[in-house]
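Feature list (source: TrEMBL):
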DOMAIN    3-142  domain 'Photolyase/cryptochrome alpha/beta'
BINDING   Tyr241, 254-258, 294-301, 391-393  FAD binding site
SITE      Trp325  site 'Electron transfer via tryptophanyl radical'
SITE      Trp378  site 'Electron transfer via tryptophanyl radical'
SITE      Trp401  site 'Electron transfer via tryptophanyl radical'
Amino acid sequence: MKRLGIVWFRDDLRLHDNETFAWAHMNNDYVIHIYCFDPRQITAKTYKCDFVKTDKYRLKFLIETIEDLNTSLINKGSGLLTYRDKPENVLNQLIEQFKNIFEITIAFQQQVTQEETDVEKIIRQITIDNNIHVKEFWTLTLYHPDDLPYNNPKAFPDVYTQLRVALEKQGVRVRRLIDIPNTFKPLPDGIISTPVSNLSDYEYSNETMHTNSVFTLQGGESSGLTHLHNYIWNKNLIKSYKETRNSLTGPENSTKFSPWLSNGSLSPRKIFFEIKKYENEQNIHDAGYWIIFELLWRDFFKFIAMKYGTRLFYGRGLKLEPYVWKHDLKPFEAWRTGNTGIPFVDANMREIMATGWMSNRGRQNVASFLTKDLGIDWRYGAVWFESILIDHDVCSNYGNWIYVAGVGTDPRENRHFNVVKQGFDYDPNGIFVRIWCPELTRLPNEYIQTPWLAPAHILKEAGVELGVNYPRPIIIVPQWNQQFQNRRKSIQNQHHTQQRGINFYFKNHEKR
Ligand SMILES: Cc1cc2nc3c(=O)[nH]c(=O)nc-3n(C[C@H](O)[C@H](O)[C@H](O)COP(=O)(O)OP(=O)(O)OC[C@H]3O[C@@H](n4cnc5c(N)ncnc54)[C@H](O)[C@@H]3O)c2cc1C
């Protein structure tokens, strides 16, 4: 009997460095590739707050990714079968169609979080019921979990630095890239690739990108590889990464690899080895250290999910004692829609709503504000991010949320962002705030982060009417006003020092 491999693509939407895909082509006579737009992950509602699970930005990126994968496969004489259905339904049908003709193996990427592993269990059961083979591969992370210096997931460290130091000390290596097979096995007779869904199938219009979006690239393995090449080789951006990664604006300030990493159209190992090649060729030792450092955070949250399972989704997170969160929808809606009256929070929230993107600095601040200043259940924020983010990754999203909310793996107790200080530090001239809160454009820099502290005549001159065209703050934390006063004093001191310098200069020149 000839062998048929069925590759069920999941968050591994690439041909490069894809063990599942390579295995199927090396070990079968025919290969079918399927992708399922699973309604449980696309149109279903989040388990709190009823947001659609995958909103238009990620869906658009995903559809582009699937189109690109299909094209790459067609170019090699194969193709992709796409479905708007659950994988278990699709696989059952394919098994029924082919089980008397071929010896079938279903090959897929293993995942770690509950909704995903629940589906895996169903698929395994289907293979048992039909007496067919199943082959599973770990292709999600930079480091393979089997290579970590721990016996089992329960022994993985809870602190990121412990993981990083253990890997560095013990010299754990990243496994080599998996080659793309030289020849692709054909589809069985009578099977042809199916047209990919488009946004209108989901009742979204094919809108153009927001003009202020910092992420304007298309989805797909091809565009991901081009972006990686441009980032490293053409634009030489590795060099400036450490200094710029915290910036709020500008498409080139951080790598922007996350949307491809999240759906697997770019492999973290591919990024790693490309960085190593750059370091060797340019003879700059550890030039890409900080990017790899961040990629390891991505791994860390996957390992945390492996270790803690569903606890990643508990209100109390990984803590054992219960945690009381508020579930007040009014302030939550003000946060979600960018109408809290705190410009730094509003600008970030309006950015994510209009583009699906927010910088890491922004994400940390708005998450801290929601959970630490408003005391609202972190899961409300996490499900909004899950819905709207272009780069949503369940482990990175939920892992970071519990971390910032203080119920996760942050070894520093009570980390709390002062969002006004952060606004002044990272957006001192209000460039970012003015992009997303244009109603504050004419406010002087001194008050751009704290309009409620501006005197009435300044507000009037700037055309700002609090409570009318820009909200009054829904909360004022005493430290914010203190921050404003401190900054004012330090600016006045600087001004005096400069003035003294000028006076001194003139006095001395007069003397001569
Ligand atoms: C509340 C909150 C929610 C988040 N949700 C997500 C999410 O759903 N998906 C997601 O990919 N990232 C998430 N992050 C992490 C981080 O904000 C993004 O990975 C990063 O902003 C993506 O931009 P970049 O690719 O330019 O990152 P870079 O700074 O260029 O980093 C390179 C890569 O490292 C990884 N990385 C960087 N920082 C982190 C981090 N803190 N945690 C995990 N991985 C990281 C990403 O894969 C990223 O692409 C979240 C952070 C917070 C605070």
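Residue positions begin at 1 at the first shown residue.
From the backbone N, Cα and C atoms, a Cβ is placed for every residue, glycine too.
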Binding-site residues whose CB lies under 6 angstroms from ligand 1, from Tyr241, Lys256, His392: Lys256, His392
Closest of Tyr241, Lys256, Phe300, His392 to Trp325 (site 'Electron transfer via tryptophanyl radical'), Cα positions, binding-site residues only: His392
Residue pair Lys256 (FAD binding site), Trp378 (site 'Electron transfer via tryptophanyl radical') - Cα distance, angstrom, rounded: 25
Three-state composition of the domain 'Photolyase/cryptochrome alpha/beta' (3-142), taking helix and strand from DSSP: 57 helix, 32 strand, 51 coil
Distance from Trp378 (site 'Electron transfer via tryptophanyl radical') back to Trp297 (FAD binding site), taken between C-alpha atoms, in Å: 20
Lowest local Cβ density (other Cβ within 10 Å) among binding-site residues: Lys256, His392: Lys256
The domain 'Photolyase/cryptochrome alpha/beta' (3-142) [mean pLDDT, rounded to integer]: 97
Trp401 (site 'Electron transfer via tryptophanyl radical'), number of other Cβ atoms within 10 Å: 26
Helix, strand or coil at Lys256 (FAD binding site) [DSSP, three-state]: coil
Recorded sites compared (Trp325, Trp378) - the one with the fewest other Cβ atoms within 10 Å: Trp325
Alpha-carbon distance [Trp378 (site 'Electron transfer via tryptophanyl radical'); Trp401 (site 'Electron transfer via tryptophanyl radical')] in Å: 7
For Glu294 (FAD binding site): intrachain residues, at least 6 apart, with Cβ closer than 8 Å: Arg245
Other CB atoms within 10 A, centred on Tyr241 (FAD binding site): 19
Nonlocal neighbours by CB distance (under 8 Å) for Phe300 (FAD binding site), same chain, sequence gap 6 or more: Tyr160, Leu163, Gly399, Thr409
